[in-house]
Structure formats: C-alpha cells, structure tokens
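**Student:** Pulled from TrEMBL, these are the listed features:
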BINDING   ASP103, ARG104, THR110, SER111, VAL233  FAD binding site
BINDING   TYR291, ARG346, GLY376  D-dopa binding site
DOMAIN    73-387  domain 'FAD dependent oxidoreductase'
Amino acid sequence: MRSWVYHRPTSIRTPTAVFLDIGPLAFILVEFSAQLKQFLQLSTPSNEHWTCTRDALVGNCGENHPMMKSMTVVVVGGGVVGFSTAVCIAEALPYCSVTLIADRFTPDTTSDVAAGILICSPFPDIPLEQQQRWFKETIDHLLAIAQSEQASEAGVLLSSGWQIHKELPVDKVPFWSAFVLGFRIMTDRELKRFPDHKFGQAFTTVKCECSNYLPWMEKRFRKAGGQVVKQKVNDLQELSSQGYDVIVNCSGLGAKSLVGDSQVYPVRGQVLKVQAPWLQHFIRDGEGQSYIYPGMHSVTVGGTRQVDDWRLEVDPEDSQDILERCSSLEPSLSRARVLGESVGLRPSRKNVRVEREMVLLGSRQVPVVHNYGHGGWGVSLSWGTALEALGLVRKCLHERPPRARL
C-alpha cells in the first residue's frame, strides 16, 4: 500500500489527470479525485505534529470537487483551543473557507493568563485512551515547535522540575507520564528540600506561553487562508444568515450562554509574574494550588482554584497568600520583584465536550461541532482535541449535500 502525505505549500496546483506509462501504451486516468483514491488506496495515519499532515486530509474531495470548493466553516472562540482548531481545519481542508470569530483576542483571553505547562488531570467519563491520545498529540506538536527555529517566536520551550505531594497520590504514575520526557519518582535526597511533602515526580515537559503562541498561531492561520473577525456572538442564531456549512464552537466559558450549557462553570485563577531569573526548574504542588513556573521572560507563581467565582479583579489578599505559599516552597521568591498580576476564569466542565450535533438555525439544520470545557487543561489538550474536532468537521462536510447555487 502506498501512502501520500499532504503538506500544504504556499501555492499548489492540483493535476487534472494522472499518466501511467506502461510500455507502448499510456492510459490517462481522468476524474482525478475518484480515480486517484481508487489507485492509491489513500489512508489516514494516526499522528500529527507541527503541521496537519494526514494522508488525504480532504478525503476523496479534490480541488475541483464542487462540494469542497463551496464549503464554509466558522470557528467561534479566540483562545488556544479556538486557534488550534481553526489552524487544523484551514491547513487540513485548504479548499474550504474558514473564518474565526471572537470578541476577545490576545492578550485579553483566558489562555493569556494560563501558565501553559503541559500536565493534566483525567476527566471522569472520557476513555483514558482518548485522553492519552489528546495529550500525546498536543505535546508532540509542541515538542516539534520547541525543537525548531520558530520556538522563540512561538513561545514554546522545554521545562524541567518537580511535582510534589503531601500524601501519596492515588496514581503515582499519571496517565500522561509516558509522553513527557524522563519521568521518574523523586529520590529521598530530592524530597529533603520539601520537608512537608512525602512523594514527588520529576520530569521534563513543555511550557507554552500563550502571549507569544496565540499571535504566532493567528499568523499561521492567516497564512493558511483563514479569516479573523472581531465580533461577539451571543447566540448561534446570529450566524444563520451567513450560511455557514459547519459551525465549530470553541467558546470556552461562553458556551454557558452561547449554547445554554448549564454544565459549564468558572474556576477563578489568579497568578503573579515575578522577576526571578535565578529559578530554572518548576515546582508544582500535586493539588495544583501552588506552583512556580519559570518562563521565557518571567516566573509565573500561583494560584487559586475558586469554583463558581466570576470575579476578574485582582484580589490583593489572594496575591499575598500566593506569595507566602510559593515562598515556602522556594524561599528565594521572597526577594523577587512582582511584575504583574492577572486573573482568568477557567472554562470548567465535568467532562470536556468534543462532539457534534445538528442545530436548527433559521430554516436550516446546521451541524455544530463542540470543542470546549477543558478547564485548566486547555493548553495541554488543545492540539489533540483540535484534531478530534477536525475529524468531526470532515464527517459533517462529507455527509452534507452541496448547497444549491443561485
């Protein structure tokens, strides 16, 4: 079986015929999309990293296929999940028109507040294998960027450190441990510097700084032909007049009102940026309440996990508490200069929602693909759930008959 991998160049010209030279006779195989699929037996590989490079990502729809040429997709949401999903769709389906709509962009998104360290806690009702795939696809994607010349501009770097626990955790080896680098249990000597903790894990993971990553992703999206629109969407009905063939909902916490999802709730997080260039390793309390993450330009210290708290204002008492807790883990922080404070509302849900449904918009039944509810793990799962959403979009497009042209 022969496999073709599609890389989207700056410009591409699709052939309208394939010539097979078989001795004195030459057969011209026309009907490019149908015959090429039959001849090559195109397949879809399981992994994607930096670029969307699945075999035959457009299925059996070639450049001249009327369905693919006329299809339009809109992605609602300008955070890390929204832009990851938009990039995947635009690069994988280059003959669809893809628009991203949001009312807020970097630096005013929840993603900009996130520390962006790749770890994760499991969702209770989603198969663990699926969550492992999402995490692996995301970290592989970001590792490829971290090892490229684009790393600095994209804000992606390797980060080594410790996750420490006051009590023995239920899972001494978390489900994502096979995908980070050098995962191991901390030695007794290493734990001595944390006398209040009984157990720890040491590993190297990826840190993704969204203040850099989001502008880089937007540039990548536009290069793939995507369009960006600043607009607040209060109800999916507002999009009905645009005639989109597929709507992709990456609205995060906004899904509570946008699609009436009562299962979505905020978990307030407050962090500080401090100047402490001597710190090179991250420290994270296993419960996620206290953490110290060195980055490219500053160190992020946090945090808070305040459920159903909608406050976006900085709370001075929270800041003081964060500094005291983090200084107990790393005493030198008491001398660090505070550069800034910020608050974000994690778009939390019992289980992240990645699925499709049909919604009546005006007089049309329109497929809507949902990709939201990641909580504090939006960066950690962003590329994996984006690829999952891409697969659902492809199904919607291939199952939908072409719209009549006036």
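Any Cβ shown, glycine's included, is placed from N, Cα and C.
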**Student:** Cα-Cα, whole number of Å: SER111 (FAD binding site) versus ARG346 (D-dopa binding site)?
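**Tutor:** Taking the Cα atoms only, SER111 (FAD binding site) lies 9 Å from ARG346 (D-dopa binding site).
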**Student:** Based on the record's binding annotation for D-dopa (TYR291, ARG346, GLY376), what whole-number value in Å is the widest Cα to Cα distance?
**Tutor:** 16
**Student:** Say you check the Cα of TYR291 (D-dopa binding site) against those of the binding-site residues ASP103, ARG104, THR110, VAL233; which is nearest?
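**Tutor:** Among ASP103, ARG104, THR110, VAL233, THR110.
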**Student:** Determine, to the nearest whole angstrom, how far the Cα atom of ASP103 (FAD binding site) is from the Cα atom of ARG346 (D-dopa binding site).
**Tutor:** 17
**Student:** Among the binding-site residues THR110, SER111, which residue has the fewest other Cβ atoms within 10 Å of its own Cβ?
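**Tutor:** Checked THR110, SER111; of these binding-site residues, fewest Cβ neighbours within 10 Å: THR110.
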**Student:** Which chain-mates of VAL233 (FAD binding site) that are at least 6 residues away have a CB under 8 A from its CB, listed by sequence?
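**Tutor:** Set apart from VAL233 (FAD binding site) by at least 6 residues yet with Cβ under 8 Å, we have VAL76, ILE101, ASP103, LEU239, SER251, LEU258.
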**Student:** Taking the Cβ of each of the binding-site residues and counting other Cβ atoms inside 10 Å, which one has the highest number: ARG104, ARG346?
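**Tutor:** Per the Cβ count within 10 Å, the most buried is ARG346.
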**Student:** Would you list the other residues of this chain near D-dopa - those whose C-beta lies within 8 angstroms of the C-beta centroid of TYR291, ARG346, GLY376 - in sequence order?
**Tutor:** ALA114, ALA115, VAL267, GLY269, GLY288, GLY302, GLY303, ARG305, GLY375, TRP377
**Student:** Run through the Cβ atoms and count how many others sit within 10 Å of the one on ASP103 (FAD binding site).
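**Tutor:** Here the count is 16.
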**Student:** To the nearest Å, how far is the Cα of ARG104 (FAD binding site) from the Cα of ARG346 (D-dopa binding site)?
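**Tutor:** Checking the Cα atoms of ARG104 (FAD binding site) and ARG346 (D-dopa binding site) gives a distance of 15 Å.
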**Student:** Select one residue from TYR291, GLY376: among these binding-site residues, choose the one with the most other Cβ atoms within 10 Å of its Cβ.
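**Tutor:** Counting every other Cβ within 10 Å of each candidate, the maximum falls on TYR291.
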**Student:** With FAD as the bound species and ASP103, ARG104, THR110, SER111, VAL233 as its recorded binding residues, calculate the greatest Cα-Cα distance and give it in Å as a whole number.
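**Tutor:** Among the residues the record ties to FAD, max Cα distance equals 19 Å.
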**Student:** Measuring Cα to Cα, tell me the gap between ARG346 (D-dopa binding site) and THR110 (FAD binding site) in whole angstrom.
**Tutor:** 7
